[in-house]
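Quick look at what TrEMBL annotates:
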type	residues	note
DOMAIN	B:31-353	domain 'Aminotransferase class V'
MOD_RES	B:LYS208	N6-(pyridoxal phosphate)lysine
BINDING	B:ARG362	substrate binding site
Protein chains: 2
Amino acid sequence: MTLSNATFKQNPHSLLVVPGPIEVSDAVLLSNASASVSHVSPDFVQIFKKTLSMILEVLYAPQTAQPFVIAGSGTLGWDLTAANLIEQGELALVLNNGYFGDSFQDCLETYGATVEKVQAQLGHTVTPDQLATHLEKAKSEKKSYKLITITHCDTSTGVLADAKALAEVIQKHSPQSLIILDAVCSVASEEIRFEKWGLDMVLTASQKGLGCPPGLCICVASERAIKVFEERKSRPGSYYASWKKWLPVMKAYQSGSAAYFATPPTNLITALLTSLDSILKSSPSLEERFELHKKSSDRIKKAVDGLGLKQVPVNPGSSAHGMTAVYLPDGITPAEVVGKMSAKGLVIAGGLHKDVKDRYIRIGHMGITAVDKERGDVDRIVQSLNESFKDLGFQAS
Amino acid sequence: MTLSNATFKQNPHSLLVVPGPIEVSDAVLLSNASASVSHVSPDFVQIFKKTLSMILEVLYAPQTAQPFVIAGSGTLGWDLTAANLIEQGELALVLNNGYFGDSFQDCLETYGATVEKVQAQLGHTVTPDQLATHLEKAKSEKKSYKLITITHCDTSTGVLADAKALAEVIQKHSPQSLIILDAVCSVASEEIRFEKWGLDMVLTASQKGLGCPPGLCICVASERAIKVFEERKSRPGSYYASWKKWLPVMKAYQSGSAAYFATPPTNLITALLTSLDSILKSSPSLEERFELHKKSSDRIKKAVDGLGLKQVPVNPGSSAHGMTAVYLPDGITPAEVVGKMSAKGLVIAGGLHKDVKDRYIRIGHMGITAVDKERGDVDRIVQSLNESFKDLGFQAS
């Protein structure tokens, strides 16, 4: 029996609503089970070519921007940034909203950057005003940042930075700096306007808003970023993450031929194309998709409010739409809530931020969970949350 | 409908007989289409734990050796070696049998190694005698190599190095050097005795003898290698490939708990476990598996001989058992043979080694193609080769 999308159904399982990996459609999983193809075959070249082009579309990036799709996790995106765009001793500025800002700094330092940071307090994001003040001071001290990193949604706390406004501030006060957006937990669940916002690098992974299994690192670099790379004096600090190796490969596949540096993960790329097809070519539109993420998010956050619980993001306007992080009432542990939810067939996540790790839970609602109402995932999340807290003897005050 | 292994059949496709990716079983593909799981869920922890343990078994490595399974291609294995085991200016020796030796050298140099090489001529491998001579000379010059790399099967030419004998020579003449085996195109298709041969690092990928889709970099390091890493003075040269990051993660999953550095590729790891299960727990045994690869290889090489064609490996004893590289008669191009084979439903590969790229073809016969006689893959390869050359008007002389 050969399977079509119509007949394949994934195995029954608990509903996965952590902030990635996320629920994946049957069609995407079936693509991930495609029979082996040669990575240089005409069929796969077309699959990869389309995938690279559609990644640009999801980000509203111009066709002059350079996409990279590489076997690796989202973490590899930091190496792709740092190993190619920083040379020994150059200055980088990290807008640090949490766990992932710390890690990006660590990665930049590995490749020789001197890193400064603007630190947001727990539950906050760095604001455009804070950044403007910092950059004005830096200018007066004759400091110049080679690049500035923004964590869009910090998955550790669910805060969402105002990437558009931050990018504007950078363009005004530090136009020479490359603008790097860590969008692992926001691509395809939050609006990102690569060209309009003047971004130079967006990095993400396959297992969040893009609705695929994990295993792909996905980046888009601006023409300006590629030029900065091409003019670097030293060799890139990494071998596997070197654009010197990857640029000819990506350009070949983009132009409809094959080139080799490392065997591309053919099945995952085929799965990604299926997901991109559904994101870009079917209803809802990309704009509607972002709206549906907001609506689903609002429903879950309203339920949290209804329970009288506090969210980790302090300002509702700086809260991600693909996940919700919630402080627990005194006397209730993350393990207890995770356990109750699990008994109801839902998998949620505990805390990650070191300062409050044992005091909050995280719920993911990206991709089909947020967009496909017929699945009823958001209903299940809301209902199970209410029941779980009731089971734990907690009453909204 | 929920699918079991018994009902899932992959899509009809041309038989993929390049030297990786290879044909993958329905059971492995079905695992690759598993519903999403959290990377920290108890179920996935058990899957990853078993996978890491079974990787050691395939290599006859002791439980004290350290396995790594990381999202990436086989190429990343070079970074894992060079970024963790080499410090600035240290000396490495590359036993260069072809394309992949050149690349390993490039990677080692990226991370600061000073690289020397012993170069085999095209179609040859570095012999134990050559290596002994080189190491004796090096000793007399008071040179000491931090590590020595062996490409087991160089996929560009199909030569197979005598890893066991080379390792013995290193232990005798340069016992302080770590022995690194690039086994991308040999793990699970050629015998590798990690412990008995005294290897310090074996690196491979998922899409060759291990019978999985591409996307996993798989390494095993000896206790000695880990100790060398732990005693290094400088930080590892890469972030994504840093053992400082990965060791706690791998150790956690090995001990039955989860830890986070980067989201593991859950589906691919589930698929790898299914393949390892079939390799280690069902008939044929691992030893028989290697024998079956030899038998399949012998049949294909005999057919090539019967056509009066010359193989790229000069010595039959230094020829891989998972692939065959064949020089073409004058007047016949790789594209023509690839095209004829393709018309018969078989995908083979052209040349890769820069010196003779347009003069030979490569055929892969690893995994289920070599082992599962009932598939009839080897019969199809032999028959289609004979017919293709006949179609091209070539008669055995």
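The chain as shown is numbered from 1 upward.
Using the three backbone atoms N, Cα and C, a Cβ is placed for every residue, glycine included.
Unlike curated entries, TrEMBL annotations are predicted automatically.
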If you count the C-beta atoms lying within 10 Å of each candidate's C-beta, which of the recorded positions B:LYS208, B:ARG362 ends up with the smallest number?
B:ARG362
Length of the line joining the Cα atoms of the residue listed as 'N6-(pyridoxal phosphate)lysine' and B:ARG362 (substrate binding site), in Å:
14
Let me know the model's mean pLDDT on the domain 'Aminotransferase class V' (B:31-353).
97
